[in-house]
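> In case it's useful when we look at the structure, here is the feature table from Swiss-Prot:
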type     : residues                                                       : note
BINDING  : GLY617, PRO618, ASN619, MET620, GLY621, GLY622, LYS623, SER624 : ATP binding site
COMPBIAS : 808-820                                                        : compositional bias 'Low complexity'
REGION   : 799-822                                                        : region 'Disordered'
Amino acid sequence: MNKAISDFTAHTPMMQQYWKLKNQHPDQLMFYRMGDFYEIFYEDAKKAAKLLDITLTARGQSAGQSIPMCGIPFHSLEGYLAKLVKLGESVVICEQIGDPATSKGPVERQVVRIITPGTVSDEALLDERRDNLIAALLGDERLFGLAVLDITSGNFSVQEIKGWENLLAELERLNPVELLIPDDWPRDLPAEKRPGARRRAPWDFDRDSARKALCQQFATKDLKGFGCDKLTLAIGAAGCLLTYAKETQRTALPHLRSLRHERLDDTVILDGASRRNLELDINLAGGRDNTLQSVIDRCQTAMASRLLSRWLNRPLRDLKVLQARQDSIRCLLDSYRFEKLQPQLKEIGDIERILARIGLRNARPRDLARLRDALGALPELQNAMTELEAPHLARLAAITGTYPELASLLERAIIDNPPAVIRDGGVLKAGYDNELDDLLAISENAGQFLIDLEAREKARTGLANLKVGYNRVHGYFIELPTKQAEQAPGDYIRRQTLKGAERFITPELKAFEDKALSAKSRALAREKMLYDALLETLISHLAPLQDSAAALAELDVLSNLAERALNLDLNCPRFVDEPCLRIVQGRHPVVEQVLTTPFVANDLGLDNSTRMLIITGPNMGGKSTYMRQTALIVLLAHIGSFVPAASCELSLVDRIFTRIGSSDDLAGGRSTFMVEMSETANILHNATDRSLVLMDEVGRGTSTFDGLSLAWAAAERLAQLRAYTLFATHYFELTVLPESEPLVANVHLNATEHNERIVFLHHVLPGPASQSYGLAVAQLAGVPTVVIQRAREHLGRLETTSLPHEQPPAAKAKDAPQVPHQSDLFASLPHPAIEKLGKLQLDDMTPRQAIEMLYQLKNLL
C-alpha cells in the first residue's frame, strides 16, 4: 500500500488533496473520483492493476516523479469492488462533492464509504446463502471477550470464552471474514493466523468508551437488559466493532438494535476438526456439494438458508426450544400445510438484508420494489398461518404481522420495474409528487415544443430546409443550410458553424432551453430528495419489520424441515432423561442421496450398559459412514429436525467429537500423525459422559506397536470417561477390550468373498470381524495382480510364523465369527488377570472377598 507522507508541498494541488485523504487510510486501496473515472495512484495502482487485470500507466509528474496510475469507469465500480472484496481487500471510495464549474483549484472531495469484506452490504458483493460476519477479540489466554456482527442483518452478539481451544473452535464455527484484534497483542498468536485478521488501536477496545457507545446505540441506560452487563471483555470487543462499522459506513446504524449474549453451555459444542469431518455446509474439498445442508436445505428464501446454516453450526441443548420446533414440524406436516406456505414464502424474498440496506441508507430502487412485493404478500400468508395451531407457529404469526400503510406507500411510490440506481431518476411513479410531475412534464413535452417551433419558424421564414434539434454539447438549435443562412431573420443568433450548415438560437428557444435543462436537473434533485424521505419513513418502522423478517425466516426453515421430513423419510426423535442413544434403521442423509442402490440402514444402541462400540471390518465396508451417520442424526435432533431413522431415542449430548481422517498441516509444520494426536488429545481432555465421540483408525500414522498402544490406551480412557463412543479400528487386538471393560462391546461390518472378489454387505452385526479383507480391497483398487499374489505369499508366511491371536470368549462360541490369526502384538504384555492379581492387597481381604475375586479372575481367563 502507499506509505503515508507528511510533506505535501512538493506535490501539485490535486495530489496534495489526494495525499491528505490517503494518509487517513494507508492500508486500504483508494478509488479517487475524477470525472467519469475512479483513478488509483502510486502503490495502490500497481496492486490494483495486478488484482483487477487492468492496464497500469503513468500520469504526468508530482514531486518530480511520474505517478503510476490505473482507472475504472465509475459505472463499472460494483463489478471491480466485488472482485477485490472476494480477494479480501478493503477499498476507500473518495467522491467529488464540489461543483467543478465553481471550484477554485481542485474539486472538493471526501471519503464517502469504506468497503471491507466484513462490512459490505451491496447485494452484488455478498453470498446470499451465507452470513457475512465480522468479529472482534479482547482478553488473554485465560479468558476472551468475543463480539460478532453481521452488518447485513443487524445480528450482534457477545460471549466470553475460556482458553484458546474453545475460542478457536468458536471462530471455526463462525468463520468471520474479518477479525479485529488489539494492536498491542503479541505477534503470531493463533487468532492472527486466520484470514482477515486485522489489528486495531488499543483504545478502540476501551471498555468504558465501549459501554457508553453501546448504550447510546441501543438508547438504554445500561446493558443489563441484554444479559451482558458484566461481560467487560466482550463489551470492549463489541465497542470496537461498533466503532469500525460506523467508520466504514459513514452513517447511523439504526438496524443495530440489540446485543445477544451467547453461551457455550446452551449449545452442543463441535470443534473445528469435527465440523470439517461432518461436512455440515462445506465439504472436505471446500465446496458445498454433498454436504448436510445441500441435502436438507430447500428453503424458499436466502435469509432462511442462512438461518438453517446457523442452526446446523450451533445445535442447541435447550429441550424446550427443540420440542417447540418438533411440534411445529408435526403441525406443518399435518395435511401437508407446508405445501401451501412455501410458495407464499418464496414471494417474501431476502427482506432481512433489504431492511439492513434501508437502515444503512444505501438501499437501491429494486430493494424497495422487492420490499413492496413482500409486504403485499403478507396478508395472504397471514391467512394461511391462522390454521397453524402449534404454539410456536402462532407466536411467529403474531410477530410477522402485516403493514398495509407501508405496502400502500411503496405501491404508490415505486414503479413496477425500477432501474438499478436512483442516479438517473425514473424510479418514482407519476402521481406520487405533483412538483416532480410538473418538472418531468417540461422535459417530456420538449419534443412536441420543438416540432411546433419548427413548423412556426418554417412558416415565418419561408425556409423549407429549416430544422430544430438538440445535442448534449451545444443544447437546442435551429439549423439552416449554408446557402440559406444569409436569409436568417435578425433575431437568429449564430451558435455553431458546420460543414454545409449553420446553427442558430433565438431568444424564445434559449428561454425554453434554460427551462428544460433546469427542469431536468431539478427533477433529478427532487426525485432523490423524495427517495431519501421514503427511506427515512421506512427506517422509522425498521424495528417491527426486522422482527417480522426474523419470524418469516424461521417459519421458512420449519416449513423446509417439514418438507424434507416427508420427502426424505425422516422421523421425529424422542429426547429422554435416561442417558442413551438408540437408533433403529439409521441412515446417512447425504450418502443415501448420492447412491444409485438402496442404502443399508443399521441400528445402534448405547446406554448405561454399553457406552462404547469397537467397530471392525474391511476398508470400504461402511465403518466411517456408520459413525458419521450417527453424529449427523444426533446433530439433526439437536436442531429440532426430524432424523433419517425409523426411530431415535436419545438424551441431550454436550459435545460431538470426531477423529476421522487426517492430513498433514504443512503450514503449521505438523505431520499427519501429529494432527491425529492433537485431535485425540483434545477429545481425551474434554469428553464427558454426555459426549458423542467418533474415533476412526487411531494410531495408524506411526509404527504398529506405538499405534496399537496408543489406540488401546485411548479406548480404555474413553471407556472410563463413559462417553458415547464409536471406535473403528483395524487393530484386532482391541476386540478383547470387552473382557476388561464391561461398558465396551464389539460390532463389525460384514463382507464376503466370491470368486476372489469382495462383496461389501454393509450390515452392522455383533462381535468382531472375522478377517480384514485387506488384499481383496487392494485388488478392487487396481493394485497389479503380481503384487497381490506376492502379498498373499507374504501373508501366508506371516500367519504360519506368528503366534495365534488369543480369542475372546465371545469369539469361541459356536458359530461366532473367528478373529483372524495374526501377530499378537501384545504377546509380551501381562494378561489382564495377572495385572489385576498383582494389584490385590491380600492381607486386607476377607475369605468371602477372596473367593469372589477368584471367580472374577477365572472369568478373565
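Cβ coordinates come from backbone N, Cα and C, glycine included.
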> Tell me the Cβ neighbour count for MET620 (ATP binding site), meaning other Cβ atoms within 10 Å of its Cβ, over all protein chains shown.
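Result for MET620 (ATP binding site): 18 neighbouring Cβ atoms inside 10 Å.
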> Restricting to the same chain and to sequence separations of six or more, state which residues have a Cβ under 8 Å from that of GLY622 (ATP binding site).
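The answer is VAL600, LEU749, PHE760, HIS762, VAL764.
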> When the number of other CB atoms within 10 A of each residue's CB is tallied over all shown chains, which of the binding-site residues GLY617, PRO618, GLY621 has the maximum?
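That would be GLY617, with the highest Cβ count within 10 Å.
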> Around the ATP site formed by GLY617, PRO618, ASN619, MET620, GLY621, GLY622, LYS623, SER624, which additional residues qualify by having Cβ within 8 Å of the site's Cβ center?
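Leaving out the recorded residues gives LEU749, ALA751, PHE760.
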> Tally every other Cβ atom lying within 10 Å of the Cβ atom of ASN619 (ATP binding site).
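A count of 21.
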> Including all protein chains displayed, how many Cβ atoms other than that of SER624 (ATP binding site) lie within 10 Å of its Cβ?
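I count 23 other Cβ atoms within 10 Å of it.
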